[in-house]
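> Handing you a structure now.
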Amino acid sequence: MLKIILFLLFLTPVCFINNMYWMVQIMLFFISFIFLLMNNFMNYWSEISYFLGCDMLSYGLVLLSLWICSLMLLASESINKYNNYKNLFLLNIVILLLLLVLTFSSMSLFMFYLFFESSLIPTLFLILGWGYQPERLQAGVYLLFYTLLVSLPMLIGIFYVMNKTGSMNFYLMNNFMFNYDLLYFCLLCAFLVKMPMFLVHLWLPKAHVEAPVSGSMILAGIMLKLGGYGLLRVINFLQLMNLKYSFVWISISLVGGVLMSLVCLRQTDLKALIAYSSVAHMGIVLAGLLTMTYWGLCGSYTLMIAHGLCSSGLFCLANVSYERLGSRSMLINKGLLNFMPAMTLWWFLLSSANMAAPPTLNLLGEISLLNSIVSWSWISMIMLSFLSFFSAAYTLYLYSFSQHGKLFSGVYSFSSGKIREYLLMLLHWLPLNLLILKSESCILWL
């Protein structure tokens with residue numbers, strides 16, 4: 001673990017050397033492969049200090065962070081090309097990655113809180129510094145206020161836990177059970193906003209639409225997983241409360257997931273559609289997680305990792321069209337089958353992954369989640385069937401509207417994709433489909 005953290009620390013000065021953009025990118029790839037070979041598949045903490053360590057649960061998410069961050073640099077080639085403060089951009093991404101690695105590998109609840117909140121700052125800089133429209137200021141304010149409003153109660157909750165148990169270590173707190181309503185809400189709300197749960201999701205589509213492609217990738221890929229990861233960690237000692245209140249969150253998530261799917265069906269903005277579909281997916285993750293069944297926890301973890309790769313890839317595809325056509329509107333992104341025939345393959349593969357078609361990791365996650373939610377209450381089948389149906393519906397809508405139909409007449413010439421873009425898509429799609437062969441790693445952590 002320490003070698004990763006020091007590696008990232010020493011990568012920060014490299015960002016300021018001229019023409020080192022691709023060097024940093026290759027270095028991040030390199031470190032993600034090193035980390036891939038570091039797995040021990042043992043369900044204990046490999047500790048490096050009193051508050052940093054890594055177990056199977058954090059391993060997958062740290063790997064996802066390293067992978068997505070190296071792909072972010074691959075996707076943001078235009079920043080390098082037009083020299084849009086690229087040194088600061090690199091620095092921003094490396095610091096963000098460092099904070100994320102520290103978040104996922106902290107064993108102390110307070111350290112987790114510290115890095116959890118501080119990873120917001122580089123994300124905000126990404127949106128405000130490299131976003132496209134002037135409305136990005138509003139998106140930044142939304143992002144900041146939604147998250148910070150609930151983070152103070154969480155801090156108070158953490159100190160209460162510290163006061164009662166005398167420890168903040170995740171492993172030592174598993175022996176305790178709290179039966180205190182206020183603590184439950186304090187600790188849970190911060191993660192619900194970060195997930196985001198329906199009703200507190202409004203910052204997400206806004207942030208996605210205004211963010212540059214790298215901001216969208218990190219937001220969809222990792223930031224949404226922070227909430228799920230935090231829940232998986234704290235749900236252990238909040239079990240008694242959760243049995244009492246979980247029906248509220250599960251109902252909101254399932255109904256909200258269906259409503260979000262319906263909202264997806266009337267989007268004209270490519271990025272907004274993918275953002276709203278993220279809310280629907282994270283709704284089912286949240287519902288499965290709060291059932292507190294074995295299948296539910298494993299399924300939520302699986303779907304979190306799968307969704308990180310899948311929606312990140314879709315945002316990259318939307319950006320490829322945006323760079324060619326200068327618009328994200330579905331009225332202009334039509335008939336892309338004529339425009340970029342080879343990209344249609346990637347559109348299809350990633351859209352089908354979003355629908356949870358086999359052999360993707362999404363399928364495994366969704367089947368486990370459906371199992372767990374139905375075992376919690378069979379009435380939820382009503383909402384789940386709608387959710388599955390509309391999920392397929394809006395994905396097909398996204399695919400068919402953007403790829404088929406007449407080409408928009410304002411498009412001058414057809415253009416093929418660059419090798420860089422095909423590589424980017426392949427590196428999103430390949431782990432998504434190969435991880436199903438190593439699916440026991442999504443279960444072993446529990």
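Heads up, the Cβ atoms here are built off N, Cα and C, so glycines get one too.
From Swiss-Prot, for reference:
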TRANSMEM  4-24  transmembrane segment
TRANSMEM  56-76  transmembrane segment
TRANSMEM  93-113  transmembrane segment
TRANSMEM  114-134  transmembrane segment
TRANSMEM  141-161  transmembrane segment
TRANSMEM  182-202  transmembrane segment
TRANSMEM  212-232  transmembrane segment
TRANSMEM  272-292  transmembrane segment
TRANSMEM  297-317  transmembrane segment
TRANSMEM  330-350  transmembrane segment
TRANSMEM  373-393  transmembrane segment
TRANSMEM  426-446  transmembrane segment
> Look over the recorded stretches 4-24, 56-76, 212-232, 297-317, 330-350 and say which has the most C-beta pairs under 8 A to the transmembrane segment (182-202).
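Looking at each of 4-24, 56-76, 212-232, 297-317, 330-350 in turn, the most contacts to the transmembrane segment (182-202) are made by 212-232.
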> May I ask you to check whether the transmembrane segment (56-76) and the transmembrane segment (297-317) make contact, with contact taken as at least three Cβ pairs under 8 Å and only pairs 6 or more apart in sequence counted?
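Yes, these stretches are in contact.
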> Six or more residues beyond either end and a Cβ under 8 Å away: which residues meet both conditions relative to the transmembrane segment (93-113)?
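Long-range Cβ neighbours of the transmembrane segment (93-113): 1, 4-5, 8-9, 11-12, 15, 24, 28, 45, 47, 50-54, 58, 61-62, 65-66, 69, 72-73, 119, 122-123, 126, 151, 154-155, 158, 161-162, 168-171, 173, 214, 218, 222, 226, 229-230, 233-234.
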